[in-house]
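Feature annotations, reproduced from Swiss-Prot:
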BINDING   44, 128, 266, 282  Zn(2+) binding site
COMPBIAS  1001-1010  compositional bias 'Polar residues'
COMPBIAS  1023-1032  compositional bias 'Polar residues'
COMPBIAS  1033-1043  compositional bias 'Basic and acidic residues'
COMPBIAS  1052-1061  compositional bias 'Basic and acidic residues'
COMPBIAS  1070-1087  compositional bias 'Basic and acidic residues'
COMPBIAS  1165-1180  compositional bias 'Polar residues'
CARBOHYD  75  N-linked glycosylation site
CARBOHYD  340  N-linked glycosylation site
CARBOHYD  380  N-linked glycosylation site
CARBOHYD  443  N-linked glycosylation site
CARBOHYD  444  N-linked glycosylation site
CARBOHYD  541  N-linked glycosylation site
CARBOHYD  687  N-linked glycosylation site
INTRAMEM  601-615  intramembrane segment
MOD_RES   882  phosphoserine
MOD_RES   890  phosphoserine
MOD_RES   929  phosphoserine
MOD_RES   1025  phosphoserine
MOD_RES   1059  phosphoserine
MOD_RES   1062  phosphoserine
MOD_RES   1198  phosphoserine
MOD_RES   1291  phosphoserine
SITE      614  site 'Functional determinant of NMDA receptors'
TOPO_DOM  577-600  topological domain 'Cytoplasmic'
TOPO_DOM  616-625  topological domain 'Cytoplasmic'
TOPO_DOM  836-1464  topological domain 'Cytoplasmic'
């Protein structure tokens, strides 16, 4: 009963399940049933009920099968009992699969299960014990699968362990256990095909059936410290026992075995040494219950896949009892569906050999407690090990530890320790690196992680390798876990110091700073690197300031430069030039001509400005020696100034990189960071010597910086570059290296690596370590041999340190030049504002400034006069209103008619002979049309062409009250003393506003009132001469009564209420008459009656004027030209009174080409001869008359003895005017110390006219001689030279005319036709018209006694020839009509053509602003060439008339007064 009843109870549940569904038809239509048996050994702490509950509805959900689990526990697991139990189960129930696990380590169990599966075709899964052991040569028809790893897979893990710990040298020991050949073959193949430098020294195969002596002989061949062993567990006990006897299981030997040797981890033979390494299936993390559940899931998933594909599952084998026959292999089995299985998210696939594709293997080691300890895991083809350095175990008590193998800890910190990944191809470390292990956390919450193999190199690693070779030790290197140097926290040391203190490492090598606190717990070697504390900051790209172009000099330098320019230098140059005897003198002292070219303060500033900045601008250079020296020194200063500016400009135009400047740990930015906006941010890496130093010395600083501390150096560098940190405080050696190797060299250390709290790096050893002395000696040896210096050059020198002195250039963009453009934009805006103000002032405000709004002198004029008054101490009286002048309309009309009648009477003086002249005839025709114009107030007959003035109707209007008001407001003016507006005779000193005349006369001028400002200068000139003036005061009173009552002594002659703004700045001064009431009378050499002296047609006003002129003869006139208009030479004035026009003169065609006469050889006049060629034949007085500066050598009123007495010395020529004195007739080669009489009398010590200095005298030789001498040699040459010569610009906008005057010594500006011919007779130019035509064409006689060579004149940009000027009309017409000269003369400039013929050479009272007449009939101005104009006026010479206002003005003429108003 016992045996049968037992099996009955065992098989009954299966039978019930198998037979239950048969009677029910409905059940047949349900899901097919899948019966799975679970058989386990009785030693497992699990019951059958628990096994059945492992598969519940949750696991079966979604499956198309009805899974039934049959659990069976076995008490005995011997092979016979095992086979009996399986066969009885199969006979009692129809099962589709079996999950089997035992508690043995016998590989025979797996062989029996494989046999049963091959005969019954029932899938069997061996999940534990012997059922999962490695077996060789499975049956091909078997469906036996194991939860385990194949021999190849385990061998791979064994080699991976050796590779991670760099155990490249090993030996292989096996027995003849099944599978050993495959094991040896796989290892050899892997080693031969790997890039790892494996060294398999020995392959030993032992036969344990022989005696132990033979085994010992074979084991003695082993010389490696790493041994791979492949055998069964029983054979391993024998082999390891023999190895112990041979000393192969000591401190330095590593035995690595597969799971076949370790077997059941609960059974550990005593022969196994400590430190034995085994590769085993994971029994720690993969429990038996999980394996059972996975086994049932594999069978269920495979059956479902087969059912889905074939719609059925294979029938189970009924029993294993019966005849031993080879059954037929079923057409479809579960085998192919069990190969690729994924269940519950896990890949549970199997290989063709029946092993798992992804087995869960672990690395276990037999620790010193004789227990198996899990130290690593193989998962997804990745090995992770717990120990960074494989622990060395003392296998047995009789084994001595190896003291030469050291465990060394280090810390990653470039350049001292640099950590890199292993080579992906070889999976090893390359040449100059050593293997080191780094702990990597897998789970931050549980601090779970693994040690990964890395490669270390660097400065400290090279020192470690040298120490290893010198001191003779081996080592295992690993990186510190927490990445710290070492700090005591809660009385516990961390970091590298903690590893040494707690003896997990023998020594610590790296950037470990030596300090007092650490020295108390560890021993330090001698320092091998000097270091300390330094500060690193980041360069930030600065922006170029708009004022960068001003930054080469400081503000004080710019201010000093402008002060020196505007205040000191410019004023100094102006003052030196002002008071210089040869300069552009503006002084109005005695003898100084006031109207030379002015050198003002503005011109001085402009000159110095141009010199400073090397601008090619037109400037006026000074002439004084002192001022020239000053300008030369300024030019030298300008060279230095500009060179310095240019040299420094590039440094300021580039974008400057801004660097925070700190001086040390005690800097204000560190101690008081909140004083800056934003606050200064700085930090360090905690738990280091730097933090300790700051904490002990600067508590407040340490408290502030804790929130900015960084995890490591690399994080700090990123924070610096991104602007999260302003400064980083750390070890100087590390920071210097990082600064030298930084990409872009953006990081710098303060003070070029300045170090605070200097210390050094050392090697930390355990307290009392025997290695300290040997390491110290080795380090000192490295320093002495220079090896340490080589290492520093290799590792501690960065590229940025080598290139820090290199200059990098880059293009300048708009940011660099923005300041210059801003300055230009500001200048344009300022110019626009000035332009608007200028127009506003000109059109709206200038009348008030000139006195139009208030009946007072203009503001600018008053300021100028006031400044002059302050400088020269001249008192200026206030003006008084002129008396009222009433004029009725009938009186005005009568005066107009009388004036017209006067002009008509002037025409009666024309004789018939002169009417034949084309000029006279055309003039008569022209005058005829002007009679009614005079009545209409359009002009007068005397000056018919000058109609550019404004008509009377525009001045007075229809209302005569306007005339009364206008006339009442008029001031005293010699030029406007007449009722009719127009041109009137002018005195010589009134004729040219651009020419200042200083006359030495024997008579006082009656009709002229000099300005009060001239009292000192003019009166001082005339003191001697006025004493001899015989003109009585009665004449003056009479003349004063004859003049109109407009005149008032309280008004200056040129001052007007309606003055032109253009004239007020540079008026010519007029002379003030002497204050003495009684003037001495002058001896009159010729007395004539009044009737014969004055023309009958003269008006009362003009007669008064002529009397005044006749009473004041001036024998010597000295003129100094003012600022000239762009120039043309004035031809000599011709007066028909002194020249008899020949009646038979053939006037050529006015439109004839001038070049034709030139080709015909017409006579020409040489104007460019040397004036000193033929003067020996003349007398002294005649020679002296040749100079245009003077009339004669003596005055009319002075005795001859005074003149002779003055020149008794051996004199040559005048030092001022260069004229020859009577006692010398030769050429002068040096400057004479003597002066002529005229220069002495005038006090004109220095002539500032630059043209006068170039003048040379000429000998008035006969015309034929001069012509013959000069024409042949100068004809072609002078023609070419004159084309290239450019004359100095002079103002010739005023044309002279012969004034009407009976006094030949002072001719009037208006005369009759009869007097015109008489006056021309005997004149210096009178002989010009009497020359026969044969003389002109034949002999080359000179018509002019003197000439001025053009080559010695100052140059101008305007052409010499008027024909070259496109703005002037042709001069051929009037040239022929006036003087009859050939228009093709290449050496002279003729008169410009006029649309309307002019009867005489007349002057124009219009300014240069109005050359054209109002009716647009052409040019009205007559220009006379300058080269024949005498420079010293004699009684036959005329002067140009003054410029007047334009046609729109009130036609008042003002004389210019020197003032500084034009300067500003």
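Yeah, the Cβs are placed from backbone N, Cα and C, and that goes for glycine too.
Everything Swiss-Prot records as a feature, shown here on the structure.
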| residue | record | Cβ contacts under 8 Å, 6 or more apart |
| --- | --- | --- |
| 128 | Zn(2+) binding site | 40, 101, 102, 103, 147, 288, 291 |
| 266 | Zn(2+) binding site | none |
| 282 | Zn(2+) binding site | 360, 361, 362, 377 |
| 340 | N-linked glycosylation site | 349 |
| 380 | N-linked glycosylation site | 358 |
| 443 | N-linked glycosylation site | 449 |
| 614 | site 'Functional determinant of NMDA receptors' | 638, 642 |
| 687 | N-linked glycosylation site | 484, 485, 486, 487, 489, 494, 495 |
Cβ-Cβ under 8 Å with the intramembrane segment (601-615): same-chain residues at least 6 beyond its ends: 561, 565-566, 569-571, 573-574, 577, 621-622, 631, 634-635, 638, 641-642, 1460, 1463-1464
For residue 75 (N-linked glycosylation site), the number of other Cβ atoms found within 10 Å of its own Cβ: 9
DSSP residue counts for the topological domain 'Cytoplasmic' (616-625), split into helix, strand and coil: 1 helix, 0 strand, 9 coil
Reported mean pLDDT - the topological domain 'Cytoplasmic' (616-625): 80
Three-class DSSP secondary structure - residue 128 (Zn(2+) binding site): strand
DSSP three-state assignment for residue 443 (N-linked glycosylation site): strand
